[in-house]
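I have a structure here, written as structure tokens, and I will follow up with some questions on it.
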């Protein structure tokens, strides 16, 4: 009975941390891709983030095993080598996460930070759909309404930015050191990342909650299988640039910070998925929009229009609508008939969330 409050505290602490991490990461990725100077290869940054996640997870498992190298080796062997089918199942989210992270860098390169953050919240809708299909979750009508409000909000934001793209795009293209931007490419990349995020997140949640394996061990499996996919992506997409400039071309202190920040987000997500769920995780990260919008006005000369404000308000409002339970608000209870005992029916009133 004692661990319950600790798990609850860990759940909310991880949600708050993930919200802040998402806001800072969106701004940092945007700055990294638009600042003057040598441009680093995003495919190599994705690989390095996996390396950091792997190293961190190994240290955490080492601590879990009582700081014993022998026990660590035995645990890794028993979990990864002796259960090949279980390990192979992790290949699916491994590949999808690598592809998703590369798409996010493309999106951040072609969309302003605020639009990038709001558009990426469509992953909540894709996550909910996959949760219903894969996990057989039931959503209330108000929750589906919240998801519709989310889509309308994202569309409003995108249309607001498209309307003003004439002056904004020309101003951005005149700035020295910035790459040419393609809003359609950026939006398509974000949309693709949303679908990948939804499916991979629900798949990973099913694996996390369906087996008695620690979060950190799952992350080790995920990173070990993600690294080959990531290196292959580097070779296929940027092989000539790697040969000419090297793997760490364009890296500096800020890129190192960005890699650590992205790796930390991956670890926090695992904690949230374990103790909460993917839909709750998605709505929590939507709160990062507020921080991103305010910060973008000062950092990236972002103009806050009325249409953008309405769209963002719909997204944020959908967060609260999703968490609203009409039965709890009206005090209605569900009557559940239990199996007969001694010839008499036992009836219990339960306040049950669907």
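Backbone N, Cα and C atoms are what each Cβ position is placed from, and that goes for glycine too.
Just so you know, TrEMBL annotations are computer predictions that nobody has curated.
Annotations per TrEMBL:
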{"type": "TRANSMEM", "residues": "39-63", "note": "transmembrane segment"}
{"type": "TRANSMEM", "residues": "144-161", "note": "transmembrane segment"}
{"type": "TRANSMEM", "residues": "184-204", "note": "transmembrane segment"}
{"type": "TRANSMEM", "residues": "216-236", "note": "transmembrane segment"}
{"type": "TRANSMEM", "residues": "248-273", "note": "transmembrane segment"}
{"type": "TRANSMEM", "residues": "280-300", "note": "transmembrane segment"}
{"type": "TRANSMEM", "residues": "306-324", "note": "transmembrane segment"}
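Distances, neighbours, how buried they are, the whole picture for these features please.
Here the transmembrane segment (184-204) has Cβ contacts under 8 Å with residues 92-93, 96-97, 99-100, 103-104, 106-111, 116, 119-120, 122-123, 125-131, 134-135, 158, 218, 222, 269-270, 273, 278, 281 of the same chain, all six or more residues outside its ends.
Residues of the same chain lying 6 or more positions beyond the ends of the transmembrane segment (248-273) and with a Cβ under 8 Å from any Cβ of it are 10-11, 14-15, 17-18, 21-22, 24-25, 28-29, 31-32, 37-41, 44-46, 48-50, 52-53, 56-57, 97, 101, 201, 204-205, 208, 215-216, 218-219, 241, 280-281, 284.
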